[in-house]
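Remarks on the structure that follows.
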């Protein structure tokens, strides 16, 4: 669906196995749109990370640019 198309990840780690097992390790106020297993802590703002694993990585978000715009 659209959630998978819009999902993105800046930092994706994969195992060397075939097929690889990949996980997005981005930390943010929410998980990407296609995440099924999102874990957040209770800080303010929350720090969330997706624990889904896939055989691929999502495209990069370039979230660092967006974060700079929000901070200024």
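Glycine too: its Cβ is placed from the backbone N, Cα and C atoms.
Predicted, not measured: the structure shown is a model, and the values here were computed from it.
Counting Cβ atoms from all protein chains shown, residue 61 (disulfide bond) has 18 others lying within 10 Å of its own Cβ. What Swiss-Prot records for 8-61 (among others) is disulfide bond.
Positions annotated as disulfide bond by Swiss-Prot: 9-24 (among others). Packing around residue 9 (disulfide bond) is summarised by its Cβ count: 23 other Cβ atoms lie within 10 angstroms of its Cβ, all protein chains included. Residue 9 (disulfide bond) falls within neither a helix nor a strand when secondary structure is assigned with DSSP, and so counts as coil.
Cβ contacts within 10 Å of residue 12 (disulfide bond), excluding its own Cβ and spanning all protein chains shown: 17. Taken from Swiss-Prot, the feature disulfide bond applies to 12-57 (among others), supported by similarity to another entry.
In the three-state DSSP scheme, residue 22 (disulfide bond) is classed as strand. Around residue 22 (disulfide bond), the same-chain residues at least 6 positions away in sequence with a Cβ under 8 Å from its Cβ are 12, 13, 14, 15, 53, 54, 55, 56, 57. The disulfide bond annotation in Swiss-Prot covers 14-22 (among others).
The feature disulfide bond is assigned by Swiss-Prot to 31-38 (among others). Counted within 10 Å of its Cβ, the other Cβ atoms near residue 38 (disulfide bond) come to 13, all protein chains included.
When other Cβ atoms within 10 Å of the Cβ of residue 35 (disulfide bond) are tallied across all protein chains shown, the result is 20. Annotated disulfide bond per Swiss-Prot: 35-50 (among others), in sequence order.
Swiss-Prot lists 40-48 (among others) with the feature disulfide bond, giving similarity to another entry as the kind of evidence. Applying an 8 A CB threshold to same-chain residues 6+ apart, the list for residue 48 (disulfide bond) reads 27, 28, 29, 30, 31, 38, 39, 40, 41.
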Subset of disulfide-bonded residues (8, 24, 61) lying within 10 A of residue 50 (disulfide bond), CA to CA, in sequence order: 24
Cβ-Cβ neighbours of residue 24 (disulfide bond) (radius 10 Å): 25
Neighbour count (Cβ, 10 Å) for residue 50 (disulfide bond): 23
Disulfide-bonded residues near residue 61 (disulfide bond), in sequence order, restricted to 9, 24, 35 and a 10 Å Cα cut-off: 9
